Each structure stands twice: as C-alpha cells, then as structure tokens.
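Taken straight from TrEMBL:
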ACT_SITE  Lys40  active site, proton acceptor
MOD_RES   Lys40  N6-(pyridoxal phosphate)lysine
COMPBIAS  117-136  compositional bias 'Basic and acidic residues'
REGION    117-138  region 'Disordered'
BINDING   Arg168, Met343  substrate binding site
DOMAIN    275-400  domain 'Alanine racemase C-terminal'
ACT_SITE  Tyr296  active site, proton acceptor
COMPBIAS  397-411  compositional bias 'Basic and acidic residues'
REGION    397-425  region 'Disordered'
Amino acid sequence: MSGAVYRDTRADVDTAAIRRNLSKIRRRFPASVRLMAVVKADGYGHGAIESAEAALEAGADMLGVALLEEAVELREHGIRLPILVLAPVPPQYAELAAALDIRLTVTEADWFRQREELRRPRDGSGEREASNRRDGCVGTIGTAGGGNAAGGALPLRVHVKFDTGLGRIGLRSREEWDRLVPWLKRDDIVAEGLFTHFATAGWADTSFVRLQYERFLSMTEWASASGIRSPLLHCCGSASALRFPEMTLDMIRIGAAAYGFYPSALAPQWELEPALTLRSALIQAKRVSAGDTIGYDRAYTARGEEWIGTVPIGYADGWSQIMQGGEVLVGGRRAKVVGRIGMDQLTVRLPGPCRAGDAVVLIGSQDGESISCAEAASRAGIVPQEITASLTRRVPRNYEKERPANEDSTKEGYAWRPVHHTFRG
Ligand SMILES: *Cc1c(COP(=O)(O)O)cnc(C)c1O
C-alpha cells in the first residue's frame with residue numbers, strides 16, 4: 001500500500017493528550033519513581049514513534065515494548081531512551097539488543113546458556129553474519145548513545161521477570177533464581193531490574209494484588225542475599241500505579257493510561273484524556289421498507305420504513321464482528337449497527353434521512369454526543385485498548401499538529417499531515 005490516503009475512515013491521534021496524560025502521572029509521583037512509557041503494539045494503535053516522542057516530552061525515563069522488532073523500530077527512528085523488551089526474545093538476538101542498548105527480559109539460566117553456545121565461534125560464519133547484521137542496524141540509527149562507537153561490546157542489560165501469580169512468564173522458585181545468579185554476576189551482564197506483573201489490578205477486590213506484591217518483595221530479597229546490587233524494582237502497570245501509589249517501588253510501567261484508558265470507576269481522580277478519535281463517513285444512505293433485509297445472511301430485517309447507512313469500516317480494518325450490535329454517531333445522534341459486520345463495511349439504522357458523505361464517529365465525540373472506547377469495548381466484552389490496538393494499517397493515523405500552549409483548548413490551526421510510517425511493508 002502506498003502512503004496516499006483516499007478514504008474517509010481514519011483515526012485522529014492527539015499526541016498532546018498522550019503527553020498530558022503521562023505528564024500528569026509523572027508529576028503526581030515522587031521524582032525518584034521512574035516512568036516507563038509502554039509503546040508496544042504500535043503504541044496501542046496510536047503510533048509507536050509518535051507515542052515515544054510524546055513520552056519523551058513528558059519526561060519518561062524508559063520505553064517498554066513487547067517485541068525486539070518494536071525496540072529496533074524505535075532505534076531506527078532515532079529514539080534514544082532506554083528500552084526494555086518486556087518478554088523473552090530468542091537468545092540468538094541478544095547481541096543485536098546489546099549493540100542497540102536495548103534491555104531484555106530474562107527468566108531462566110538456560111537462556112544464558114543457549115546464548116553462550118550461540119556465541120562460541122565454530123567456523124566463524126555465524127559470527128560474521130551476526131556482525132553484519134549489527135553494523136547494518138547501527139548505521140541506520142546514527143545515535144551516539146545506541147551505537148558501539150568505541151568498538152568494545154556494550155554489556156547486555158537485563159531485567160529478571162518473576163511470576164508472582166499471573167502465570168505467564170517469570171521464574172517462580174528460589175532454585176531457578178540461584179541458577180540465574182552466576183550469569184547475572186558476569187562482567188558483560190548488567191542485572192538492571194527485577195519485575196513482576198499483576199493479574200487483577202483492575203479488580204475492586206485488591207487481595208490478590210496485595211498477595212502478588214508481598215510475594216514479589218520476598219523474591220527480591222533473594223537478590224540482595226545473592227549480592228545482586230540495587231536493581232530497579234518494578235511491578236505496577238497503569239491500573240495498579242494509579243490505584244496503589246504505595247506499590248510503585250522504583251518504576252511504573254504505563255501503557256493504557258498514557259492513551260487515556262484507566263479504571264475510572266476505581267481511580268476517578270485521575271481524569272485522563274482519550275487520545276484517539278475514529279472517524280468515517282457514510283458511503284451510502286437509503287430508505288428501506290418493512291421486510292427488507294440487510295447484509296450477509298439477511299441478519300437484519302427492517303420493521304418499517306427505515307433509513308440505513310453504510311459505513312466503510314469492517315473487520316479487515318480491525319472493527320471486529322464482536323462489535324456487532326454496537327452504536328456509532330451520525331449527525332450527533334446514536335445509530336445502531338444492524339446486520340453483520342463485513343470485511344470492509346458495516347450498516348447502521350440511521351436516526352433519520354442522511355446522505356453519502358455525512359460524517360460518522362465510531363469512537364469519540366460529535367456535536368455534543370460521544371461514544372468512548374471504554375463504552376464500545378465493554379459492550380463487546382473486551383478492554384478498550386483491544387479496540388485501538390486492533391486497528392489495522394488500512395486505517396490511516398492522522399496526527400494533529402501541536403498548537404501553541406495558549407490555544408490548547410481550541411480547534412484553531414487544526415491541520416492534517418500525512419503519516420507514512422503506518423503504511424510500511
Ligand atoms: C503491556 C505491559 C504493561 C503496560 O500495561 P498497561 O496496563 O497497559 O499500563 C506493563 N507491564 C508489562 C509487563 C506489560 O506487558
């Protein structure tokens with residue numbers, strides 16, 4: 001797909017809202033609590049580079065991603081903040097990570113053993129391949145901090161993940177920890193952090209979060225007992241950081257809240273702003289009669305004279321069939337999605353006569369009415385970030401140009417700029 005955009009379906013991303021959300025969070029914690037902005041999954045669909053830039057302006061200390069690919073992409077775009085990949089990557093890519101000053105998550109001694117075997121020179125061809133790859137990457141970054149300018153290998157910085165109850169990744173026993181320690185003490189390894197992740201941070205019942213927190217604290221004592229010196233301790237994602245400031249330890253990892261998603265019933269004082277508006281426009285509006293059926297499988301039958309609108313968004317845009325039965329805004333009023341959501345289109349029952357070209361808002365506000373991502377998500381039984389993270393590259397992201405601070409609340413000076421990075425590959 002080329003960079004040109006011809007369709008009305010698009011996502012407007014307000015990067016200033018991301019910056020304000022993160023600044024607000026930054027300001028309300030002591031300066032000693034480091035802020036990691038989590039920009040995985042293309043910044044939860046808002047654009048990884050743009051989100052990382054907003055995070056930098058807000059004073060973030062580190063970025064978090066899920067994949068090494070995502071970290072490399074940030075480096076290729078000149079982002080120099082420390083980056084942590086929050087899940088293990090195959091050990092053969094450890095050298096690439098170290099060369100780019102990317103921190104990795106480790107959970108077991110075997111990972112280090114495998115890395116060691118991969119590094120042991122055999123006929124030399126493996127080595128050559130690895131260094132070609134590294135040179136290529138460093139060349140495209142061109143940052144002073146991320147490269148390997150002195151010729152000496154950068155140490156590999158790692159954060160050890162503990163499983164305190166989420167049950168996905170992380171070490172669970174003292175034996176596993178003890179096997180890891182000799183590796184963590186090597187000169188070319190820096191054990192920079194220890195962390196865990198909560199399973200129920202959004203629940204009203206806080207008992208399991210507290211249990212996980214206590215388990216984590218006792219596991220971190222293994223580190224002090226083993227002579228691993230003052231690593232960064234971190235356990236809170238958005239919901240837990242916002243709800244349990246007493247658990248923030250050395251760093252908080254903020255993803256959802258940066259984009260305005262937070263448990264507003266449990267932490268209403270935060271008042272974070274949504275950053276994404278999903279827009280489209282009708283491509284057809286028509287009057288139908290009682291008994292007319294709409295869409296695949298004739299799933300909807302008009303009960304009388306009705307106005308039906310067709311909106312050019314479907315599951316190939318990330319607007320899944322689980323959104324069936326939801327609502328969109330047309331002319332400042334709610335219109336119910338009727339019939340099956342298709343790959344490219346969905347149909348709505350309009351509040352009255354409309355025309356092709358009439359503006360549609362799927363997430364956001366229109367003439368005083370609004371549908372939040374949280375509302376649309378809860379109707380579908382998912383979390384709000386699943387909606388934005390699911391938007392595919394068929395939906396162009398448009399970024400509002402930064403306005404001078406004194407115009408922050410107006411729509412004056414609003415301008416589009418085409419953004420090409422969402423169309424790569
Ligand atoms: C994604 C992720 C986060 C961010 O969580 P949010 O709830 O979106 O703030 C934090 N930590 C880990 C380990 C993650 O994978």
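Every residue number used here counts from 1 along the chain in the order it is shown.
Every residue, even glycine, has its Cβ placed from backbone N, Cα and C.
Shown for the domain 'Alanine racemase C-terminal' (275-400): DSSP residue counts in helix, strand and coil, namely 24 helix, 50 strand, 52 coil.
Residue pair Tyr296 (active site, proton acceptor) / Met343 (substrate binding site) shows a Cα separation of 11 Å. Counting every protein chain shown, the number of other Cβ atoms lying within 10 Å of the Cβ of Lys40 (active site, proton acceptor) is 20.
Counting every protein chain shown, the Cβ of Met343 (substrate binding site) has 10 other Cβ atoms within 10 Å. Between the C-alpha atoms of Met343 (substrate binding site) and Lys40 (active site, proton acceptor), the distance comes to 26 Å. Arg168 (substrate binding site) falls outside any helix or strand according to DSSP and counts as coil.
Residue pair Lys40 (active site, proton acceptor) / Arg168 (substrate binding site) shows a Cα separation of 17 Å.
Sequence-distant contacts of Arg168 (substrate binding site), defined by Cβ-Cβ distance under 8 angstroms and a gap of at least six in the same chain, are His197.
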